[in-house]
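A.B. asks: Starting off with a structure, shown below.
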Amino acid sequence: MIIENNKKKALEKALDKIEKQFGKGSIMTLGENRSMDIETISTGSLSLDIALGTGGLPMGRIVEIYGPESSGKTTLTLEVIYEAQKKGKICAFIDAEHALDPIYAKNLGVDINNLLCSQPDNGEQALEICDSLTRSGAVDLIIVDSVAALTPKAEIDGEIGDLHLGLAARMMSQAMRKLAGNLKNANTLLIFINQIRVKIGTIFGSPEVTTGGNALKFYASVRLDIRKIGTIKDGDIIIGNETRVKVVKNKISAPFRQAEFQILYGNGINTEGELITLGVNHNIIEKSGSWYSYNKNKIGQGKNNACNFLKNNPNISKEISRKIREINLIK
């Protein structure tokens with residue numbers, strides 16, 4: 001008993017010393033740390049929000065979205081910006097690829113007049129801008145498109161053909177160490193879009209690797225693998241992609257879940273189509289033959305007509321979405 005009391009006194013003394021030196025709240029029990037209640041931003045896809053387990057992407061963390069070309073990476077991040085702006089959050093887009101289309105962003109609902117945009121000259125400049133925006137405490141969401149385009153200054157200044165082994169990986173590693181703590185303190189969500197490469201000589205396992213070294217993999221709380229799995233046709237004309245997103249890493253909920261949804265060219269994620277599919281799966285919407293019904297009222301014959309009904313009746317769409325979220329314990 002005496003030993004236990006001595007331990008308790010020694011612990012209290014140590015905690016007091018730490019708090020005097022580093023400030024109140026620098027150390028506490030895990031139960032006292034209210035940051036466990038993680039705020040999230042919707043991805044714009046209800047099925048992906050469900051797969052993430054918390055209703056969206058976590059604030060104050062690093063997220064990596066990667067996949068092949070034209071798989072929907074930028075579209076998904078623009079949908080996240082739209083959802084964040086709906087909540088009144090300030091967003092920034094670091095366009096390292098110099099390829100952001102403002103007209104397309106506007107079509108997806110993004111308020112381009114209130115979206116901060118930077119087209120940096122090199123990788124160090126891009127990451128420094130990210131850090132400055134984060135430390136300001138005023139920006140809630142930052143998108144970097146893409147890691148592969150974050151070219152180190154030494155490589156830009158050098159000749160084509162010069163060897164610059166590991167420069168990008170070292171740059172990313174240093175940036176991650178600096179950014180991780182600042183993002184947490186500012187409660188800023190940082191999303192990196194990344195490309196994939198094929199590793200030559202791989203015999204076992206997947207030959208696909210992401211660019212920029214391993215630091216981003218370790219520091220990311222969520223990693224999403226996005227792939228095109230099919231096309232959507234209107235007659236002979238291709239109007240969109242069938243898309244699958246796999247949650248490869250998830251520090252805030254269970255990983256390895258996946259979501260499937262449609263991305264329509266020029267319009268983004270087909271949210272009404274998702275509501276129909278999820279509504280039928282959860283017995284919220286009834287399907288009899290080709291007819292769809294909600295609350296015993298027919299809403300359309302065929303999925304396209306049912307989608308048009310939901311598009312023209314946003315209150316019913318919100319009601320169905322709320323019921324699906326309640327079933328899946330998403331706020």
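Sequential numbering from 1, following the chain as shown.
Every residue gets a Cβ built from N, Cα and C, even glycine.
Swiss-Prot lists these features:
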type	residues	note
BINDING	Gly67, Pro68, Glu69, Ser70, Ser71, Gly72, Lys73, Thr74	ATP binding site
A.B. asks: Sequence gap of 6 or more, C-beta under 8 Å: which same-chain residues meet both conditions with respect to Thr74 (ATP binding site)?
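C.D. replies: Correct list: Leu100, Asp145, Ile193.
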A.B. asks: Just to verify: the residue among Ser70, Ser71 with the fewest other Cβ atoms within 10 Å, which of the binding-site residues is it?
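C.D. replies: Taking Ser70, Ser71 as the binding-site residues, the minimal 10 Å Cβ count falls on Ser70.
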A.B. asks: DSSP secondary structure for Pro68 (ATP binding site), reduced to helix/strand/coil, please.
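C.D. replies: The residue in question, Pro68 (ATP binding site), is coil (DSSP, three-state).
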A.B. asks: List, in sequence order, the residues of the same chain other than Gly67, Pro68, Glu69, Ser70, Ser71, Gly72, Lys73, Thr74 whose Cβ lies within 8 Å of the centroid of the Cβ atoms of the recorded ATP site.
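C.D. replies: For the ATP site, the extra neighbours are Ile226, Lys228.
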A.B. asks: Select the most exposed residue of Gly67, Pro68, Gly72, where exposure means the fewest other Cβ atoms within 10 Å, treating these as the binding-site residues.
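C.D. replies: Among the binding-site residues Gly67, Pro68, Gly72, the sparsest Cβ neighbourhood within 10 Å belongs to Pro68.
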A.B. asks: Taking 10 A as the limit, how many CB atoms besides its own sit near the CB of Glu69 (ATP binding site)?
C.D. replies: 8
A.B. asks: Looking at Cβ-Cβ distances, which residues of the chain lie under 8 angstroms from Lys73 (ATP binding site) while being 6 or more apart from it?
C.D. replies: Ile65, Tyr66, Gly67, Asp145, Ser146, Ile193, Ile226
A.B. asks: Please report the three-state DSSP label of Thr74 (ATP binding site).
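C.D. replies: Going by the DSSP assignment, Thr74 (ATP binding site) falls within a helical segment, counted as helix.
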